[in-house]
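Record features, source TrEMBL:
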BINDING   A11, E32, L40, V76, W362, G369, V370, I371  FAD binding site
BINDING   H147, G148, N149, V150, R191, R192, E203, G369  NADP(+) binding site
DOMAIN    2-158  domain 'FAD/NAD(P)-binding'
Amino acid sequence: PRVCVVGSGPAGFYTAQHILKHHGGALVDIYEKLPVPFGLVRFGVAPDHPEVKNVINTFTQTAHSERCTYYGNVTVGRDVTVPELQQAYHAVVLSYGAEDNRVLGIPGENLPGVYTARAFVGWYNGLPENQDLNPDLSCETALILGHGNVALDIARILLSPLQLLRKTDITDSSLAALACSKVKRVWLVGRRGPLQVAFTIKELREMINLPGARAVLDPADFTGLESAVKDAPRPRKRLTELMIKTALEKPVEMQAAAAGAAAPREWGLKFQRSPQEVLPSADGRRARGIRMALTCLEGSGDSAKAIPTGNVEELECGLVLSSIGYRSLPLDPAVPFDSQRGVIPNSSGRVEGVPGLYCSGWVKRGPTGVIITTMNDSFDTAQSVLEDLQGGVLDMSPSKEGFGLVESILCSRGVRPVSFSDWEKIDAAEVARGKAAGKPREKIVDPAEMLRIIGH
């Protein structure tokens, strides 16, 4: 059987890995629109979290299997359509993730100085489409809308001492921009309360222990929460206790010597505030602050809803980052898509009403969860593919020739795929450049330059 996987992030690679492992004869082709593989492991994971990127070793092993082939630089839906892939393969799995972001839907969100978390993370992680972002870091106060791990990642990158960032694979240009940054205060704002934050304790602890930055949490926000979390699940209980402990600690005056005369950098959490409008500067040319509705909570736990109280508050900030979630987009008119939920309608990864078509990862279940969540989800989809291969559900006609057919289509459209060994040349070039600068790699951010390196 010939199987094709669209997308080379964790969802794509874990799906391929499971099929190859449990079917001794299956051939799996992985298609990726960028020349370089690994999706959000490369472009989403924070540069100062190198241990999270170790899964790349597993994915590389999968790509080296003689029954697996990688085709980068191929945009499915444009260079080759999904129906064309269905003609060529016995099963097609869509694992292309969430390449858009949710919008705030408020006045002023398009002002200069307002960025989505997705674009900002892509900027410092070397995602080609975000390299011209050029975020304005000339203000002292930044505000991040959202209480998830991505919001904490961004706050940490904005406030980290440069010597910590220099040792990571953060891009050269974003490091240069951060070196000139005037940002010294970051607020993370959420519509709901401390019991509804989405970040995890590991990321919060890392933020609290960040050298040269102090946490500013208002003890009043945590009144009565000790008893409220008594019976909560252990992770939620420990997370809340850590916030309470941090709020009640008297800020240790930073050693004058270490801090020099400069005021320390600081960050804090604000709760029960919902953005209403990004306020423009006097000349209307950029963001100068944000107006927020104060909310009260109806219900409790994860299902609590934030209801505006009618009171508002304004906060001065020259940099606004919205971290309210990623969003999947439809790939091809031939594929059903639920635009309300931003997913492909499916059952256990089988796309509704289209036999032989599957999905895994964020486009299957929505943009939530960490790499391990995606792994389990992808194994679940791969299992559905294996069951259908064994159960005679799929059209197993021998005329499906896989890449043979796709190659002639791509050739006729002037598209030249990038192989995995091509990627390894790009990888070697990045590692060599990084070594010269004392970092693990210096990412190449221009696809044209990537193609030049491999002689395309």
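Placed from the backbone N, Cα and C atoms, the Cβ positions cover glycine too.
Mapped onto this structure are the features recorded in TrEMBL.
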{"residue": "A11", "record": "FAD binding site", "Cβ contacts under 8 Å, 6 or more apart": "G39, S95, G97, S360, G361, W362, V363, K364, T374, D377, S378"}
{"residue": "E32", "record": "FAD binding site", "Cβ contacts under 8 Å, 6 or more apart": "G7, S8, G12, Y70, Y71, G72, N73, V74"}
{"residue": "L40", "record": "FAD binding site", "Cβ contacts under 8 Å, 6 or more apart": "G9, P10, G97"}
{"residue": "G148", "record": "NADP(+) binding site", "Cβ contacts under 8 Å, 6 or more apart": "V197, A198, F199, S323, G325"}
{"residue": "N149", "record": "NADP(+) binding site", "Cβ contacts under 8 Å, 6 or more apart": "A198, F199, T200, E203, V370"}
{"residue": "R191", "record": "NADP(+) binding site", "Cβ contacts under 8 Å, 6 or more apart": "Q272, R273, S274, T295, A306"}
{"residue": "R192", "record": "NADP(+) binding site", "Cβ contacts under 8 Å, 6 or more apart": "H147, F271, Q272, T295, L297, A304, A306"}
{"residue": "I371", "record": "FAD binding site", "Cβ contacts under 8 Å, 6 or more apart": "P10, V41, V52, V55"}
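The FAD site in the record is lined by A11, E32, L40, V76, W362, G369, V370, I371, and its two most distant CA atoms lie 25 Å apart. Within the set of binding-site residues (V76, V150, V370), the lowest number of other Cβ atoms found within 10 Å of a Cβ is recorded at V370.
Compared over the binding-site residues H147, E203, W362, G369, the count of CB atoms lying within 10 A of a residue's CB peaks at W362. Looking at V76 (FAD binding site) and V150 (NADP(+) binding site), their Cα atoms lie 28 Å from each other. In this structure the C-alpha atoms belonging to V150 (NADP(+) binding site) and G369 (FAD binding site) are separated by 11 Å.
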